[in-house]
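Undergrad: Below you'll find the structure I mean.
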Amino acid sequence: MPELPEVEVVRRGVAAHVVGRTVSEVEVLHPRSVRRHVPGPDDFATRLAGRCLTAARRRGKYMWLELGGGPEEVDAGEAVLAHLGMSGQLLVQPDEAPDETHLRVRFRFDDGGPQLRFVDQRTFGGLSLTELVSVDGVAVPEPVAHIAPDPLEPVFDLEAAVARMRKRRTGVKRALLDQTLVSGIGNIYADEALWRAKLHWARPTANLTRPQARTLLVAAVEVMQAALTAGGTSFDDLYVNVNGESGYFDRSLAVYGQAGLPCPRCGTPVRRDAFMNRSSYSCPRCQPTPRNPHY
């Protein structure tokens, strides 16, 4: 699933190519891709026609397109919320480009320029039209209101996140993946941040010192910024930017997906452990198992 850096790459592409344009038509080719829009596909398409996409924003793994224009009775505080799921893609394509095999939703614009296409092989992702609400002075889609700011947001409070993490009674990786604590971090960047901070994934959060928790969250910021510079992490063609190009941060991963290969820091073979129906990767020497692990 795309994590913060991948979604931010897509957001920047959408902002560059789509923001400021007015929707002329929306074509929903697969109703499952707008299943979270309860009034249904026809309502989704009808309410977007004539609306201007005024901004592209993101929190964690969610991005949204703020809307302006439309009839006077339309609430201006609305947005198209996008969640990419496992395989969702937002592509900017010229009108004459052939339809992708898994094209689900198409946006056409009144300037006759490139389309915005939502492509999703597994249909776990989706789009919905939702109201914006204010959370601590920031306008976010109502379905996203419960998640915490992510580490790349200006409103992210590092010291507050450190304090919240140390109050949890859980394992440190579980805490990193908890989107109500810090949003945007998934399996890949959690493992990479833990490696950089030299912490085992099952270390109890209650046993973290304040400097350790701070070091870990700073490591998460640093690794995600590095991934963003590299265009994100692509293991297959399911994650691409708006131009259909893959990221290349997978070449820089220290431990994630590197089981049996030498740790870049000490040379010890990287270990893979089962974790929450997925995997955790760590260096047994740099990240020793704690005395009282929280699995």
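Including glycine, each Cβ sits where the backbone N, Cα and C put it.
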Undergrad: Check Swiss-Prot for me: it has H102, R168 binding DNA, so pick out which one of R108, R122 it puts in that same site.
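TA: Between R108, R122, Swiss-Prot records just one in the DNA site with H102, R168, namely R122.
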Undergrad: For the annotation zinc finger in Swiss-Prot, which listed range does it cover: 9-43, 254-288?
TA: 254-288
Undergrad: Cα-Cα, whole number of Å: R278 (active site, proton donor) versus H102 (DNA binding site)?
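TA: Distance between the two Cα atoms comes out at 26 Å.
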Undergrad: Quick check on the zinc finger (254-288): DSSP residue counts for helix, strand, coil, in that order please.
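TA: Summed over the zinc finger (254-288), the classes give 0 helix, 12 strand, 23 coil.
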Undergrad: What residues, ordered by sequence, lie under 8 A Cβ-to-Cβ from H102 (DNA binding site) and sit at least six positions away in the same chain?
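TA: Correct list: S87, V119, D120, Q121.
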Undergrad: Tell me, roughly as an integer, the mean pLDDT over the zinc finger (254-288).
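TA: Averaging the confidence scores along the zinc finger (254-288) gives 97.
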